[in-house]
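For reference, the structure is listed below as structure tokens.
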Ligand SMILES: CCCCCCCCCC/C=C\CCCCCCCC(=O)SCCNC(=O)CCNC(=O)[C@H](O)C(C)(C)COP(=O)(O)OP(=O)(O)OC[C@H]1O[C@@H](n2cnc3c(N)ncnc32)[C@H](O)[C@@H]1OP(=O)(O)O
Ligand SMILES: Cc1cc2nc3c(=O)[nH]c(=O)nc-3n(C[C@H](O)[C@H](O)[C@H](O)COP(=O)(O)OP(=O)(O)OC[C@H]3O[C@@H](n4cnc5c(N)ncnc54)[C@H](O)[C@@H]3O)c2cc1C
């Protein structure tokens with residue numbers, strides 16, 4: 001251990017980590033600023049973290065794992081109120097809602113210091129407020145938004161039912177307009193129509209956005225959104241006509257009280273239909289306002305966009321833990337009479353971890369770019385231009401699918417990289433994993449969303465065939481008709497072009513397959529179904545090509561005025577990412593490009609050399625994510641590297657250690673061992 005001063009405090013730091021930090025050849029702060037989107041953002045983030053975390057209110061004395069499910073939930077509610085009060089009274093005023101935003105990644109980061117799993121208010125922040133913002137008329141907005149932002153009401157987003165999650169048009173809950181009383185009657189006609197899953201619904205919220213089939217004048221107009229009060233604002237008792245409760249234990253999100261909701265002819269005022277995109281007049285006349293019927297799905301698009309950022313952050317957390325631990329951990333003796341190396345020195349360990357650092361950068365830059373695309377499409381929609389929406393839907397769908405899936409896979413690799421200690425709850429890797437693995441399913445299942453992107457790609461291909469112009473993210477398709485395979489070019493640009501060729505080749509193969517089935521008598525829907533395995537693969541290839549291109553171009557743009565070593569380490573990571581995926585996808589490259597066996601050998605050599613080049617900067621790179629210990633919440637990943645000390649300290653907190661002999665010994669084990677049971 002070495003004593004060091006950090007932020008005015010004296011702390012002991014593991015000597016290997018001290019050496020690692022001394023080896024780092026680039027300015028860590030500069031990289032942090034790039035990842036935060038500028039120095040101003042870093043300063044603001046740190047100020048917010050100090051305000052929210054320095055008084056220690058976020059910390060639990062007893063680890064959550066030792067509490068009962070009920071106690072864990074109650075503890076999460078208590079902390080949610082502290083957390084929400086700080087956001088409401090100290091942070092919003094300080095920064096201004098318009099500059100920071102309610103769902104700012106900064107608030108999101110702080111939340112992890114408060115909640116090991118999730119806050120029961122997650123869906124209030126993440127879905128209820130955004131739906132009010134996106135689906136209300138100005139009058140409705142003026143009524144509901146201040147109440148929700150002030151936490152006078154807390155809400156969630158209630159869409160999924162026992163019988164349907166993916167197929168929204170198949171939802172069964174009805175909202176039938178009664179012109180006599182100017183009310184909607186909400187009803188759950190079948191068991192499969194019971195609402196299921198919404199976060200915070202079980203015990204926490206008193207309002208929700210409900211998605212239901214709208215009936216007026218005897219006609220069904222499809223799914224629409226309604227603001228529904230479900231609990232009394234004073235007593236919190238469920239209102240008449242409402243049955244509501246918690247759905248029980250899950251793989252994760254256990255402090256999130258996901259709930260069920262059953263309506264028995266429950267009445268709400270006509271004004272509670274969210275009327276930005278469609279209206280029901282007092283006499284029951286239905287009026288369509290929006291030019292695109294899928295604008296009702298806007299909250300889902302928003303959350304899919306936000307989830308890409310969420311993935312970048314979660315992977316940054318996991319790889320910070322795994323790299324710091326790998327620098328501290330020593331194991332085996334590859335050479336006789338030599339000291340045991342740090343496990344980070346093993347090439348295979350570098351192969352597991354450096355791609356995770358690069359992926360966290362790739363996802364961060366892609367997420368920032370996607371968010372900009374999202375806000376620009378939102379501006380178009382405000383100007384009544386809806387032609388950019390399909391591309392946003394296609395992009396947000398595939399990026400949500402691939403980023404959540406890759407992130408979950410890489411977090412699990414981070415756990416493998418930490419050996420047995422990675423399996424300890426106190427490493428926090430299992431909690432991060434269970435949180436992230438759900439994101440592959442919620443807000444649109446992986447396969448289903450890739451098939452949405454595939455619809456867009458197939459249509460785009462037909463446009464390209466007709467030599468019509470297509471939008472920027474698919475402009476590469478125009479080159480797909482070049483007959484000659486270009487010689488393999490292993491530069492970064494060459495690799496990106498090669499993967500665009502792979503994507504185009506896969507889309508083309510899907511088109512051929514669909515047409516083949518149609519020619520043999522199948523209708524389009526059947527031909528589509530028979531092609532779905534390939535369609536999913538094509539959408540994945542397209543998505544990866546978008547990520548490669550964005551990561552590469554954003555790295556160049558964002559480091560244009562950086563110091564030489566920062567520029568170079570960021571470029572090294574980007575190159576590593578491209579080489580990694582080239583080696584992972586040699587089959588595709590052999591099929592669609594002129595890659596040879598010799599080229600694969602060269603790629604492998606370059607990849608391994610790049611691991612060695614990045615190695616001295618590995619700890620510096622994870623330090624640059626600048627994630628505070630309170631947020632990492634990990635015995636293995638703390639800044640000081642006191643891994644074994646922390647593991648022991650946490651073990652001693654186990655209630656089983658409070659007494660030398662557990663009563664079960666006398667009650668069960670001893671009689672059994674003595675043959676008396
Ligand atoms: C800790 C607190 C701190 C505060 C910080 C908060 C941080 C926030 C960050 C976010 C993090 C966490 C978020 C909160 C947690 C969320 C929990 C999970 C919540 C949920 O899961 S809610 C439920 C979500 N459900 C789904 O996603 C269902 C998925 N299904 C669908 O989206 C659709 O049904 C469908 C699969 C797309 C099919 O729909 P449909 O059958 O109606 O449509 P078609 O297939 O026939 O297509 C017709 C046509 O429409 C196009 N289209 C479909 N969807 C859209 C769309 N959304 N936008 C635009 N266009 C769309 C489709 O492509 C077709 O076009 P085409 O005909 O081909 O031209
Ligand atoms: C932790 C968590 C929190 C959630 N929070 C909320 C919430 O706050 N509010 C809310 O409304 N919902 C919420 N959900 C529900 C979530 O949105 C759905 O579970 C999700 O959209 C998947 O739908 P599903 O469960 O119907 O899966 P299904 O659609 O039944 O999927 C089952 C399988 O069928 C496949 N499949 C389905 N349709 C097709 C198709 N057309 N083609 C090919 N394969 C298909 C899928 O790929 C999957 O493999 C939450 C879920 C979880 C896990």
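For all residues, glycine too, the Cβ spot is worked out from N, Cα and C.
Just so you know, TrEMBL annotations are computer predictions that nobody has curated.
What TrEMBL lists as domain 'Acyl-coenzyme A oxidase N-terminal' is 27-154.
Residue 199 (FAD binding site) falls within neither a helix nor a strand when secondary structure is assigned with DSSP, and so counts as coil. In the shown protein chains, 26 other C-beta atoms lie within 10 A of the C-beta of residue 199 (FAD binding site). Per TrEMBL, the feature FAD binding site maps to 160, 199.
Per TrEMBL, domain 'Acyl-CoA oxidase C-alpha1' is recorded for 297-458.
When other Cβ atoms within 10 Å of the Cβ of residue 443 (active site, proton acceptor) are tallied across all protein chains shown, the result is 22. Among the features that TrEMBL reports, active site, proton acceptor is placed at 443.
Averaged across the domain 'Acyl-CoA oxidase C-terminal' (493-674), the predicted model reaches a pLDDT of 98. According to TrEMBL, the feature domain 'Acyl-CoA oxidase C-terminal' maps to 493-674.
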In sequence order, which same-chain residues at least six apart have a C-beta under 8 angstroms from residue 160 (FAD binding site)?
195, 196, 197, 198
